[in-house]
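Structure, as structure tokens:
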Amino acid sequence: MNSKLKIGLFFGGRSTEHEVSIITALQAFENLNKEKYEVAPVYVSKAGDFYTNPKFLDIKNYKDIDSLILSSSKVNFVRKNGQAGIIKQGFSSQFLTLDLAIPLFHGSFGEDGCIQGVFEIYQIPYAGFNVLGAAIAMDKVLSKYVFQSLGFQAVKFVSIYRNDWIKDSKKILKQVQNGLRFPMMVKPADIGSSIGINKANNIDELIFNIEIASTYSDKILIEQAFENCIEINCAALGYEKVMPSVCEMPIRSGETLSYADKYMKGVKGSKGTKSGMASLSRKIPAPISKNLAKKIQDATVKIFKALEGCGVARIDYFVDPKTEQFWVNEVNSQPGSLAFYLFEPLGIKYSQLLDKLIEDGLKRFENSKMTQYTFNSPLLSQMANAD
């Protein structure tokens, strides 16, 4: 009898961070304990179609993604005899049960609560944040209100919408300049990996950067840029009991951490996968005082819990090294490389982190069974029998 847990790794997706998601998934697969888990890869194409194929677990097969997709089986979600899973399309219609899904998407339709909602509907246990927490964490504007409500400083900002910009850009520019001064950071409000993020030092750059950001999102975030601050990151891990990681200071090559800084500097792993966010130049632990590190760790756990966090998340901060003031920047509910490198100094291996994600996802699902989702009402029968 096979006692291994059947784990579905979900990755790819309709997102500008599609390739980053694949790297995270391949890393996770390499580090999952194969004696405990039977792994089914579920790749989501850029068109939004779901496929499975063991070949998705080898980076070498991505040299020709179109051929890889053609050789793969499309799958649909299904419930069969009280069990949840996926079913292959075609003559065989093979049903694959899933004991738990690990969503490893970055960005739209995967990190923002969308896929989590699908898992909830089909009653598939899953690792990571729930629908609400993922949605709020993904929205850089909404999350700032959460930070402020918890008593933390958030970066000063103005948010605008693409349609308003198109209708009256002069009005929007006035609104932005009334609230902020140059230099400013312009960002799409709901994607990550530094895509679409640029610094504006004057009005011309502001206009240009808003145009760029608006191609990636209908909501644009414009923040006051910090001139003399460092970036500090800290992660949290857990569910009912939450622990912080050590703090890190990422090292950037320019004024902001770019996509290239984060993902293009890796060395090849044991199976050809790049090391993703783990390849970023960084100082671990961060060169800050123990007192400041403790404050940031406490803030990280508090924010994680407020968002009903489960699994692992990384929270990014700006710090004034002279005054030790800090501002919360954003929450990454699906951090690149699952932020495993921030827990290694604490003696937690990547495989153990994955064990914890799975354990907590199953525990949350069991807890959800105590909630009644249906209500037996005579309403319809009474209406049907009414004259």
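One is the number of the first residue shown, and numbering goes on along the chain from there.
In case you wondered, yes, glycine gets a Cβ from its N, Cα and C as well.
Owing to the predicted nature of the structure, the values given are computational and were not obtained by experimental measurement.
So that you can see what the record holds, here are the features copied from TrEMBL:
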| type | residues | note |
| --- | --- | --- |
| ACT_SITE | GLU17 | active site |
| ACT_SITE | SER193 | active site |
| ACT_SITE | SER337 | active site |
| BINDING | ASP316, GLU330 | Mg(2+) 1 binding site |
| BINDING | GLU330, ASN332 | Mg(2+) 2 binding site |
| DOMAIN | 144-359 | domain 'ATP-grasp' |
Over the domain 'ATP-grasp' (144-359), what is the model's mean pLDDT?
90
Quick one: pull the CA-CA distance for SER337 (active site) versus GLU330 (Mg(2+) 1 binding site), whole Å only.
17
Have a look at the binding-site residues ASP316, GLU330, ASN332 and say which one has the shortest Cα distance to GLU17 (active site).
ASN332
Taking the Cβ of ASP316 (Mg(2+) 1 binding site) as the reference point, list residues of the same chain whose Cβ is under 8 angstroms away and which are at least six residues distant in sequence.
GLU231, ILE232, ASN233, VAL328, ASN329, GLU330, VAL331, ASN332
Using DSSP, would you call GLU17 (active site) helix, strand or coil?
coil
Can you tell me the three-state DSSP label for SER337 (active site)?
helix
Which entry in the list of recorded positions, GLU17, GLU330, has its Cβ near the fewest other Cβ atoms, using 10 Å as the limit?
GLU330
